[in-house]
Ligand SMILES: O=C(O)c1ccc(O)c(O)c1
Ligand SMILES: [Mg+2]
């Protein structure tokens, strides 16, 4: 499979775009003409520079408003095309994209358009060039790939073919199965883009909201299956117009693009086994079984204070690492490690972010395969020296410098707690916390797509609908990802400003990612009592909240009083009910959450988030730092 991406998809100047695209592993680029024009460089030298980077110029585009014009506009359009043919030859590419005309004077008529394309094909053939015709979703007369195909068919010239673009087909709701009727050798090029389902003007939607396959809501895999079935074997190219990406980091966007293409084509062959996809075989998405451990980087009095907080949460300091400065805290199936090593990844994370989560361990069915898949998707393996007798737990770099470990039973990795740790205390009875319900990671809003793509291409996890969370100082978007059985749940929270609770956490921690850890209990009232007996201080919730709760739901007075006494927030929907309470913020805005799910409730108490955030902000110090529970973290 030959991978390609349009230069318009990436931010930066022309050279920065090319460097990022080459580094991400693409085979080729579509030169978007504007990017070339803005660049100050001789076309021959540009072509050579691109090839020296190991990239092929797969397409030159777009050539606009060509077909169906009356004279003298028609002759002018051909003259314009000849000039662009000159440029293509200098650059060293043989294919140009003609997008369907939006010219107000274009006349329409399938045969007129076909005749124009045939003549253009003849002129292109003289120079060894080819022309591909694409239906823009908002084209004046041609806005459907089926019409574009009829025109190409009637043009009947070896050097004229069709160019398919998933956005134009899927955004108009055209059945991609109709592509199976087109002969593969007449498809000259394929462009891919996804987009979120938003009801808006097609042109505006296309120019501002396209995103990488898998990041939006269009059936790009269905489109690609149909393309693949025709026998098309040319480049598969991303063409993404997106406002956020234009301002993003070129290397991140390029890597995301590569990851999305590989995952998409792997999905294509998994969902239609008869299709052949020329892509190295790779393991399927990892099956997540839960969070195996959370590791905090912390030192000195901050580490002591974190230990104290874990103690009030009912955790036992159960074991220490045999040779490293690592303590293991357990309760139920939850494992929290505090890493106070003076060197290595954790120490760097501490220097950078202060007390923060530096490592997440995910329990999967097969750890080696998870890392193998990550490698195919372009992730960076994470390697640290391992002492003799210690286990080498496979890991990759997550987003933002974080580290993700994979642990499984089959290879003995889940035995690490017995092999590398020495018990220091018998496990206490705890406070009824059983497992990690979810992890909440905070990031800038414009990084959210990248994070969700990272997780959903690597692990079998689905996105739920994005929700808006109202912070008194701005909006935070929240996107939940969860494995089919709920064993692994991660919420991604995107902050738009630094004044929100999430935004100030990012600023204060220099972009640490895990902001809160939600721990599950089967009996929230008993857990609340047990924690309070240990000196745990819950986040105080306003009386007004409980008055409103009584109005919204049928809750018996006695239960309402218990909820209020323990500062427990409540939500319910058709599927079940949800209870949650919070620790006070610590270490620059991190916090723990205790939750109980009943019935099939799958949400996160979204309606309660504004009241939780307001309560947290009431505890913030005047200079903007969150108040801690009176300890040193
Ligand atoms: O938005 C546009 O004009 C435009 C141009 C070229 C393309 O290939 C395309 O899909 C859209
Ligand atoms: Mg296109």
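Cβ atoms here come from the backbone N, Cα and C positions, even for glycine.
Nobody curates TrEMBL annotations by hand; they come from automatic prediction.
Keep in mind the model is a prediction, meaning the values are calculated, not measured.
Database features, via TrEMBL:
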BINDING   134, 165, 191, 239  divalent metal cation binding site
BINDING   438, 516, 593  Mg(2+) binding site
DOMAIN    290-409  domain 'VOC'
DOMAIN    435-584  domain 'VOC'
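Taking the features listed in TrEMBL, we show where each one sits on the structure.
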residue: 134; record: divalent metal cation binding site; Cβ contacts under 8 Å, 6 or more apart: 62, 97, 98, 99, 100, 148, 162, 163, 164, 165, 168, 191
residue: 239; record: divalent metal cation binding site; Cβ contacts under 8 Å, 6 or more apart: 5, 6, 8, 9, 30, 165, 167, 191, 192, 193, 210
residue: 438; record: Mg(2+) binding site; Cβ contacts under 8 Å, 6 or more apart: 480, 489, 490, 491, 518, 604
residue: 516; record: Mg(2+) binding site; Cβ contacts under 8 Å, 6 or more apart: 439, 440, 590, 591, 592, 593
Lowest local Cβ density (other Cβ within 10 Å) among binding-site residues: 165, 593: 593
DSSP residue counts for the domain 'VOC' (435-584), split into helix, strand and coil: 51 helix, 56 strand, 43 coil
Average pLDDT across the domain 'VOC' (290-409), rounded to a whole number: 94
Cβ-Cβ neighbours of residue 191 (divalent metal cation binding site) (radius 10 Å): 25
Env. residues of divalent metal cation site, Cβ within 8 Å of mean position of 134, 165, 191, 239 Cβ: 97, 163, 164, 166, 167, 168, 189, 190, 192, 193, 237
Contacting binding-site residues for ligand 1, chosen from 165, 516, 593 when the Cβ sits under 6 angstroms of any of its atoms: 165
Distance-selected binding-site residues near ligand 2 (C-beta under 6 Å), from 165, 191, 239, 438: 165, 191, 239
Chain-mates of 438, 516, 593 with C-beta within 8 Å of site centroid, Mg(2+): 437, 439, 440, 491, 517, 518, 519, 591, 592, 595, 604
Collapsed DSSP category at residue 593 (Mg(2+) binding site): strand
For residue 239 (divalent metal cation binding site): DSSP state (helix, strand, coil): coil
Structural state census, the domain 'VOC' (290-409) (DSSP three-state): 36 helix, 44 strand, 40 coil
